[in-house]
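Feature list (source: Swiss-Prot):
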{"type": "ACT_SITE", "residues": "CYS195", "note": "active site, acyl-thioester intermediate"}
{"type": "ACT_SITE", "residues": "ARG241", "note": "active site, proton donor"}
{"type": "TRANSMEM", "residues": "17-37", "note": "transmembrane segment"}
{"type": "TRANSMEM", "residues": "50-70", "note": "transmembrane segment"}
{"type": "TRANSMEM", "residues": "78-98", "note": "transmembrane segment"}
{"type": "TRANSMEM", "residues": "103-123", "note": "transmembrane segment"}
{"type": "TRANSMEM", "residues": "130-150", "note": "transmembrane segment"}
{"type": "TRANSMEM", "residues": "189-209", "note": "transmembrane segment"}
{"type": "TRANSMEM", "residues": "228-248", "note": "transmembrane segment"}
{"type": "TRANSMEM", "residues": "259-279", "note": "transmembrane segment"}
Amino acid sequence: MEKHIKHAIRWPSLDTIPWAWVAIAIGLLILYFPTFWDLFHGLWGTERHAHGPIVFFVSIWFFYFKFKQLPEYGITYDPSPKLGWPILVLGLLLFILGRSQTLLIFEVGSLIPVLLGITLIFMGTRVAKFLWFAFFFLCFVVPLPAFVVDAATLPMKTAVSFATAHILYALDYPIARTGVMLTIGQYQLLVADACAGLNSLFTLEVLGLLYMNVTHHESPFRNFMLAVLIIPISFIANVTRVIVLALITYHWGDAAGQGFLHEFSGIVLFITALMLVIATDSLLRFFSRKFEKVPSTQSVDLKR
């Protein structure tokens, strides 16, 4: 028992961090600083990939959050260099390929095997298994190729514009739709990627998965359903945003619709989505408890 306690991972203070970890941190900074500098001043500055910085900083916080839990769960370290080195080398090769050929999916995606390899080399499989969700979380940071984004966003934009047009028409607003172009009164609105793209879906999916992992839901049914229902929740939130923008433009003009209120509608989107996630989780919690009580009641009857 004493041996187990001695080998338990403890969250180190700044004055006890070994120089090896400082060297690793400096190496990662030298390796990936140019990559993320380019992302912050390039791709992540566009509306299509605006979710990137949010997911990136949430990922950093989540790694910190999980590392702080290691002593609490008594996770022991068992370094596995034979398993970690091949994964680390693979990650470095992916980084070299991505950086040299300007393939962001490899350049940014290489961070996952690099961090996993370092974890296995110095901490082992137990810590790596404990951090599996944190590594999975990093997948949302990797920029997808443009053809994948275009193929995924076109049906979403069409569906959002279709729903918006029918809802506002039912409310007696003079609205017409041509593809993803909405005409309301004398104004035309283009349902762009930012209004119904993968950026909002990815961000909401990340927040939903983070919410599930932090709250430690034990019901597999509840976790699965909440993860799946985030997609229609994102759709409803996007429709709400486009409706708000259309009404602002119709009543206060194009300048209001494309100015500050356009950015404010993005806040409305996430508030709506988070409220729907919480409401959905409450319903799932109610039904999961109801289903869990049924077998226990039957077992009591059988004992009688």
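Start at 1 and count along the chain as shown; that gives each residue its number.
Backbone N, Cα and C atoms are what each Cβ position is placed from, and that goes for glycine too.
It should be emphasised that the depicted structure is a prediction, and the values quoted were computed from it without experimental measurement.
Stretch with the most C-beta contacts under 8 angstroms to the transmembrane segment (17-37), considering only 50-70, 103-123, 130-150, 228-248: 103-123. Sequence-distant contacts of the transmembrane segment (103-123) (same chain, at least 6 residues past either end, Cβ-Cβ under 8 Å): 9, 20, 24, 28, 31-32, 35, 39, 43, 77, 79-81, 83-92, 94-95, 97, 131, 135, 138-139, 141-145. Against the transmembrane segment (130-150), the recorded stretches 50-70, 78-98, 228-248 differ in Cβ pairs under 8 Å, and the greatest number is found for 50-70.
Its own atom aside, the Cβ of ARG241 (active site, proton donor) has 25 Cβ atoms within 10 angstroms in the protein chains shown. Same-chain neighbours of the transmembrane segment (78-98): 31, 104-126, counting only residues six or more beyond its ends whose CB sits under 8 Å from a CB of the stretch.
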